[in-house]
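Trainee: Heads up, here are the entries from TrEMBL:
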- 5-39: coiled coil (COILED)
- 91-112: region 'Disordered' (REGION)
- 186-459: region 'Disordered' (REGION)
- 218-244: compositional bias 'Basic and acidic residues' (COMPBIAS)
- 250-260: compositional bias 'Low complexity' (COMPBIAS)
- 343-358: compositional bias 'Acidic residues' (COMPBIAS)
- 368-380: compositional bias 'Basic and acidic residues' (COMPBIAS)
- 383-412: compositional bias 'Polar residues' (COMPBIAS)
């Protein structure tokens, strides 16, 4: 029993030791359990935190997935657009390359065409320059020749004017001498006629003897001879007049032709007219009249001495020639048979006492002038003193310039006691003319020695 008690005790001690070891192990396990519980709590907390983070991350991931889907869709869309744009760019590049190639080829062709045209134009310009130089040279030569020709024309015009003036003066002298001769023959005819009449009256009752009959026959023969001489002088005067008319007509035609050529050349070079105007004669003034018709009433009375008196200034010409009338005043007088100028105007002079009336009319006066020569043969004796007084200072148009100091002013009255028609009133007659038909050249009386006259001249 003891052994059993000892064995039991020994077993009890072993069991106590084992219980103490087990308790220690339980304590250790409890500690480890506590540690494991705290760690579990920590793990749970971590798990919760991780779960929450995971949930948030899942939400974010979902959002990211949605965004990614949208981005993918947008990228697909942009990819499609990019592909289309790329295709368009490729197409445009191809078109651009083609257009560049075409433009380069066109530019080359245009450059060739332009080069060809440039070459042609340069050749044409060279030809035109050469032609222009030749034309300028020819024109300069032509201008020099024209200037020389103008000078020759002007000299020829001056010579024609001078020759026309001289012929006109010579015609006036011939006309004056013819009138004097006709007047003297008329006086002789009248004296012989009166003598024959007296002899016829003295021996009217008696038979004429042989001496008186022979004397009468001689007187009749002398009268017929004087009449023939008078007719011959009239014919010579008419022939001289016609010759002078023809010469004046030819001179005027030549003058007109030269004037037209001069005007054409002056139109082609206007500077020549201004350069050469200083060389023109200062005594000759080309003065075309105004182109309007005007009428004037002119009466030119004569004094006892036979000098003509100035007429009043024409009202229609005062505005045109007021400055010129201070140098020379024109009068329009002409006797019955005065020369008709190249404008085919004539002047008929009707006398009444000391008064000379001027009538101008057109070319039909030539025939009337011839008739008046035949009809006025009986009146030439009475008309001769005053005709001689006015013939030296008048021209074919009836114009006259006062040349002697004996001429009185237009305001002076007619002296009484004239040789015929004393105390008669001056008669006035309307003189109608067209100024455009009367271009004139005024010759200054200072150059002609006091015998101023106006010659017809066409502009």
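Keep in mind that glycine also has a Cβ here, set from the backbone N, Cα and C atoms.
Remember, TrEMBL labels are computer predictions, not curated facts.
Given the structure is predicted, the values throughout are model-derived calculations rather than measurements.
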Trainee: Which whole number is the mean pLDDT over the coiled coil (5-39)?
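Mentor: That region's mean pLDDT is 84.
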Trainee: Helix, strand, coil: count each for the residues of the compositional bias 'Basic and acidic residues' (218-244), based on DSSP.
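Mentor: So the counts come to 27 helix, 0 strand, 0 coil.
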Trainee: For the region 'Disordered' (91-112), what are the DSSP-based totals of helix, strand and coil residues?
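Mentor: Secondary-structure breakdown of the region 'Disordered' (91-112): 22 helix, 0 strand, 0 coil.
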